[in-house]
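Asker: The structure that follows is given in the form of structure tokens.
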Amino acid sequence: MQTEQPSDRQAWLAVVSLAFSAFVFNTSEFAPIGLLSGIADSFDMHIAETGLMMTYYAWVVALTSLPAIILLSDVERRRLLIVVFALFIVSHLLSAVAWSFAVLMVSRIGIALAHAVFWAITAAIAMRIAPEGKKTQAVSLLITGATLASILGLPVGRLVSEWFNWRITFLLIGGCAALVLLVILRVMPTLPSRNAGSIRSLPLLLRRPALIGLYGLVLLIVTAHFTVYSYIEPLVQQVLGFSGSLTTLVLLVYGLAGFTAALLFSRLYRHLKAGVLLLAVGLIVLSMLVLVPLTTTSTHLMLIAACWGMGITLMTLAAQVLVLELAADATDVATAIFSGIYNVGIGGGALVGSQIILSRGLDQTGYIGGLIGLAALAWLVFFCFAHLRKHTQA
């Protein structure tokens, strides 16, 4: 029987399997972005109706992350991970054969439930199984897998859909998950629930100013980010006047910059600690504010996309690591709250962006997103930073 102290080689294999899992899960979350037209055609629906898949997905994750992990707080983590993968795989099979949009939505809700539990437990698992002194690198690798979903997962998913159809894309995602599950069954050690927390953990967590401040920061900056990023494709083409092929290149540059940031994160965090958040939020806010007024050439656009991609990746990594450090006695509950808040930001940002487009116009999203981002920056500087600095210096 596997133990909780695997060899370094086995430990890294387990961490890499989690990183690839993150790639698969995040590819699935955002896959509908590139498949909406095909899905709409299949069910004879308007694209605005099928677009609700993204909204429902984010809100299901947000609403279920914390309750699920509290209910499952005593379950051994390897076993829980296997059940999560089983639900994820079966739900994708249902997506592939969905005979109505309602059935497709049911399958997506199943995937969202698996997603909620997956992201609530995997960062803590990665830190537990990582070799000694490599915990930050393990989390960085996990987020790198998630980042690669935007670089490779979405384009490949769309390409498969164009060659065959959207059903094959979902089938392929489910197949990849099945392969990862086989690896996990072989290399993942038994992980009894530890420091997962329970409903009794909530009052303790809510009395930690640094943690509450961090959650507030994540809500504000993720909302700001998705106010603009949710509509980046029409913004680049309709407002900035660039081609569809250049838009694809912009997204690739954005993703590659995020990947680079993930590789650099461990070193940056070691030297800057909470200062990484200041750098990251600053990059995000600056990118949104200058996107429309200062983008006059494709070179400008690429530079802004690179800064933006690095900023959001560094913010996500730093916030995730700090949550785990600030709530070491209730990691799964704290991470579930983090995941839920992040998804509230995704859904909230997309909603704010849509209202701005309807009331003020697409060209105003960058400015409004930037203003929300400035509020996040002020929150970080005047409330969070002092508490986080005390923690990192302790």
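Backbone N, Cα and C define each Cβ position, glycine as well.
Got these off TrEMBL a minute ago, pasting:
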DOMAIN    14-393  domain 'Major facilitator superfamily (MFS) profile'
TRANSMEM  12-36  transmembrane segment
TRANSMEM  56-73  transmembrane segment
TRANSMEM  80-102  transmembrane segment
TRANSMEM  108-126  transmembrane segment
TRANSMEM  138-156  transmembrane segment
TRANSMEM  168-188  transmembrane segment
TRANSMEM  209-232  transmembrane segment
TRANSMEM  244-264  transmembrane segment
TRANSMEM  276-295  transmembrane segment
TRANSMEM  301-324  transmembrane segment
TRANSMEM  336-358  transmembrane segment
TRANSMEM  364-388  transmembrane segment
Asker: Counting CB pairs under 8 Å, which listed stretch among 12-36, 56-73, 80-102, 244-264, 276-295 touches the transmembrane segment (108-126) the most?
Answerer: 56-73
Asker: Is it the case that the transmembrane segment (209-232) and the transmembrane segment (276-295) touch, counting contact as three or more CB pairs under 8 Å in which the residues of each pair are 6 or more positions apart?
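Answerer: Contact criterion met.
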Asker: Rank 12-36, 56-73, 244-264, 301-324 by Cβ pairs under 8 Å to the transmembrane segment (336-358) and hand me the top one.
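Answerer: Stretch with maximum Cβ contacts: 56-73.
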Asker: Which bits of the chain, at least 6 residues beyond where the transmembrane segment (56-73) starts or stops, bring a Cβ under 8 A of a Cβ in it?
Answerer: 29, 32, 80, 105, 108-109, 111-113, 115-117, 119-121, 193, 196-199, 332-333, 335-337, 339-341, 343-344, 346-347, 350
Asker: For the transmembrane segment (364-388), which recorded stretch in the set 12-36, 244-264, 276-295, 301-324 gives the largest number of Cβ pairs separated by under 8 Å?
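Answerer: Most contacts with the transmembrane segment (364-388): 276-295.
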Asker: Below 8 angstroms Cβ to Cβ, which residues of this chain, lying six or more residues outside the transmembrane segment (301-324), approach it?
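Answerer: Those are 123-124, 127, 136, 139-140, 143, 147, 210-211, 214, 217-218, 221, 225, 229, 236, 240, 242, 246, 249-251, 253-262, 265, 268-269, 274, 276-277, 279-284, 286-288, 290-291, 294-295, 331, 334-335, 338, 342, 388, 391, in sequence order.
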